[in-house]
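Asks: Marked as domain 'FAD-binding PCMH-type' by TrEMBL: 27-193. Positions annotated as active site by TrEMBL: ARG172, GLU293. Positions annotated as active site, proton donor by TrEMBL: SER223.
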Amino acid sequence: MNQTLGVAPDLTCLKPQGSLQSLTTFRVGGPAEWLAMPRHRRELEDLLAWAIAADLPITFLGAGSNLLISDRGIFGLVICTRRWRSTEFDDSGRVTAAAGEPLPTLAWKAAKLGCRGLEWAVGIPGTVGGAVVMNAGAHGGCAADVLVSTTVLAPDLTPLRLTPADLQFQYRTSALQGGRQVVLEATFQLKPGHDPALVVADTLAGLNQRRATQPYDRPSCGSVFRNPYPHTAGTLIEKTGLKGYRLGNAQISERHANFIVNLGGATATDIRRLIHHVQNEVEQNWAVRLRPEVKFMGEFLDF
Ligand SMILES: Cc1cc2nc3c(=O)[nH]c(=O)nc-3n(C[C@H](O)[C@H](O)[C@H](O)COP(=O)(O)OP(=O)(O)OC[C@H]3O[C@@H](n4cnc5c(N)ncnc54)[C@H](O)[C@@H]3O)c2cc1C
């Protein structure tokens, strides 16, 4: 641990060498030098002020469902925003949700109120903050379609309200991916006035279809690679004969070739090596270099 930091702030939400494994859906990775799960904005601001003064790198985490964290862990301060949860719907179908609100919970709440627009989100196990940063999407819908604005905290602790034009949304990316601003909340415009039973039925149908075709029973990060238009990554990997291919305890899912699953006890290095292997094999066969959708965090020196 860095001995030059001086006194850490007196915050019960901050701990040294905090385990990150259980905070990612892959269930791998080393610890955070400092881990904090702030409960409110004041705590977040104190943490940021301390880390900036101590010149510590700062990393933000939502539900950890699109991350591969290195076995060496993450140097500096990791701030996980999943504890901030709230939703506020108005009669016009506008909903403001805190960054840590689970996306599936938000989607179910909207469906039960008869609001359309988030049916696609119910099987995505991330938070609202992560969905905005990643422009999460499925079944032809995505965050960019419904987002009105998001409030972020800039590195100088100034709150900024950003619109979709500021965020430069594209397929699974946004201008927030540099990691310098923390998402506090987001406002979405949904379409109210529908029969809740029908919206719930459509939402459930999408979820069931995903459960039938994707390996929800094993730790993973969802789709590992971005789809290289006009192909899908899963089809290229499957046609390369890699379905079921295993490296250590990491395996290309038998059910969906764009998923890597942790069979139990896999390391981040196993998974990183497998990703590299898939990229090389697919490139040799199809002259397409697959680009990871999963975000790598920490150092991967030995893969
Ligand atoms: C089984 C499974 C299925 C999936 N299916 C889909 C799918 O269909 N479509 C899809 O798009 N994704 C899918 N994913 C991937 C993932 O759920 C999404 O990318 C999700 O939006 C990530 O949200 P998160 O809160 O987990 O973010 P994290 O994984 O924690 O972080 C992702 C990025 O967002 C940043 N971030 C997170 N929260 C904040 C914040 N508050 N402020 C600033 N930065 C922040 C992180 O720094 C990181 O760069 C799936 C994952 C799994 C495990």
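Note: Cβ is positioned from N, Cα and C throughout, glycine not excepted.
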Asks: Does GLU293 (active site) have same-chain partners at least 6 apart in sequence with Cβ under 8 Å from its own Cβ, and which are they?
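Replies: Sequence-distant Cβ neighbours: ASN66, ARG172, GLY222, SER223, VAL224, PHE225, ARG226.
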Asks: Determine, from DSSP, whether SER223 (active site, proton donor) sits in helix, strand or coil.
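Replies: Coil, per DSSP.
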Asks: Average the pLDDT scores across the domain 'FAD-binding PCMH-type' (27-193) and report the rounded value.
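Replies: Overall, the domain 'FAD-binding PCMH-type' (27-193) comes to a mean pLDDT of 96.
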Asks: What is the Cβ neighbour count of ARG172 (active site) at a 10 Å cut-off, with all protein chains included?
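Replies: Around ARG172 (active site), other Cβ atoms within 10 Å: 19.
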